[in-house]
Amino acid sequence: MTAILTNLFDGVAYGMLLFVLACGLAVTLGLMNFVNLAHGAFAMAGGYVCAVLVNRMGWPFFAALPLAFVASAVIGAALERTLYQHLYARSHLDQVLFSIGLVFMSVAAVDYVMGSSRIFIKLPDVLQGQFDIFGVGVGRYRLMIIAICGLLTVGLQLVLSRTRFGSRLRAAVDDPRAASGLGINVPQVFAFTFAFGCGLAGLGGALSAEILGLDPYFPLKFMIYFLIVVTVGGSSSITGPFLASLLLGIGDVAGKYYVPKLGPFVIYTIMIVILIWRPNGLFGRTATR
Amino acid sequence: MTTNAQTDVGFHAKQHGRWHWSEFAFWIVVLAVGLAFPSRYLIMTEILRLALFAMSLDLILGYAGIVSLGHAAFFGVGAYCAGLLSVHGIINEPVLALIVGGLAAMVLGFATSFLVIRGVDLTRLMVTLGIALLMEALAERFSNITGGTDGLQGIDIQPIFGVFAFDMFGRTGFFYSLAVLFVLFLLARTIVHSPFGLSLRAIKNNPLRAAAVGIPVNKRLIAIYTVAAFYAGIAGALFTQTTALASLDVFSFERSADLVLMLVIGGSGYLYGGLIGAAVFRMLQELFQWITPQYWMFWIGLVLVVIVLVGRHRIHAYALWLPNLILKQIAGRKAAVALTDNEAP
């Protein structure tokens, strides 16, 4: 029983981590309909910024986290203004090619600057060790991830559904021409949203370094997981990707524990079955394109 | 007017499958290059293999408009199939093993085509990618059959037809690959110029309209996807036979991604695009590896980004500018127009 509970907890924590990493993609791919396979590269950027600040410059972990967000967001905004914005209207194939190109470039560039070995971020003492609740080992760090993720989910959902910015974004996505006719600055809304999505990825990258490990091949290794979260979850709300992350996290941890022989087989099968059953994702709306 | 239009259609149908003299020239040049650089057989064989693989993707992406990020699944099945047949000595004739490898991939292609025809571009990308990853996971898990991360051990390819043994210079491998590529090219050429091939173009341009004029869209897509899987399987089996290697990386995502890049460089929607793209890609890779052995991936990525930003069609227009100019001088305007006509819209 405790083994099941421990697994469940680890699965939830892993799922939440995936959600933090992928919710930026849920915004860019899900809402803006841009197939950005380079999402993991922004996550990696955040992770490395955090690692350099903490390990080399001795910053406290909690001070480095916001900076990881800001750094990735700035990179994202710069790239959006210079490159990405020209590709919104292009075919999905063009977007895929372009973002794969960016991934290849980022892998080689990070390898060049930071070396190819895997690095970890030094955690503060507060986050190390675990609580013992009724015999279930609850890691402090994982608990913190769950807490951060819970706040993010609620916050994002509120921003998208309740605020003026959220409604502007939805309008800009659904019909850019009509939206700009109503006085919405569509390019600005898109740029801000894209940068925000990249920032979230960076935050996720910084948080995930401890659990997933950080090396130059990070964007390629986890690309499929982010994509699964978003395509399986669907794009109409933030709830879809959230539930998909949970499903994926619990499924992956349980799969590795109970049927180690099959490994990632379980996850890919779940994804393919769900996509055949519902091509637009579990909570998706009909595709516009 | 009506008669005029009808004769026009008839004229185009006849013209469509006819060989242009530049095509003869292309294959003669390929053979001549092969004969001229005997010390480069290994890399030239690799290019031929990639060309076959790229042609396979071209059949579904360029002609039918199916986006795939997991074409390596079929390549890998063909590779492992040929390798296993050799290791266990089940089929010792390379050509036969090649065909069996292709058929194995074809079975997988037919089975998965039902998944691919559902949904939009994004779903297709994900499902094809997922299938390739699934195959990789399977190959890794069933290591007692596949050798896991070490790959297959003890692949020893017997002489072709019992006569032509594979030599260490790759001479046999080269001519074997060239022969396979040429035969399959002829087959692909027949397919794309047939009414079936023309209906695929109609589907690519507008699936709804194609269905409205009575083309059974899904059946046609399943058929071409299965054929393309066969081609990719042959390419994989050829890989195993000419290198005596089969390991997990035959399924890797990079392999599928590189393939799309080759097609983009060469141009999709005409058969020579894949062939030219594979050659250019491999030579670029060689160049970058020579300049920066460790970081060549950066430059490949940069090439991709630039190609997309400048626009694929504009790049091909630039690339065709010089040949067009020469053709205009030699054969007048008609030939030049014929060359651009082959290009993807």
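Any Cβ shown, glycine's included, is placed from N, Cα and C.
Summarising the annotation, TrEMBL assigns transmembrane segment to A:12-32, A:61-84, A:96-121, A:141-160, A:189-212, A:224-250, A:262-279.
Counting only same-chain residues 6+ beyond the ends of the transmembrane segment (A:224-250), those with a CB under 8 A from a CB of the stretch are 8, 11-19, 21-23, 25-26, 29-31, 37, 39-40, 153, 156-157, 160-161, 267, 270-271, 274-275, 278, 280-285. Contact between the transmembrane segment (A:61-84) and the transmembrane segment (A:141-160) is absent: fewer than three CB pairs lie under 8 Å, with pairs separated by 6 or more positions in sequence.
The highest tally of CB pairs under 8 A with the transmembrane segment (A:12-32), across A:96-121, A:189-212, A:262-279, is held by A:189-212.
Scored by C-beta pairs under 8 angstroms, the transmembrane segment (A:141-160) has its highest count with A:189-212, from the stretches A:96-121, A:189-212, A:262-279. If you look at the transmembrane segment (A:96-121), the same-chain residues 6 or more away from its ends with a CB under 8 A from one of its CBs are 35-38, 40-41, 44-45, 47-48, 50-51, 54-55, 61, 79, 83, 87, 206, 209-210, 213-217, 219-220, 223.
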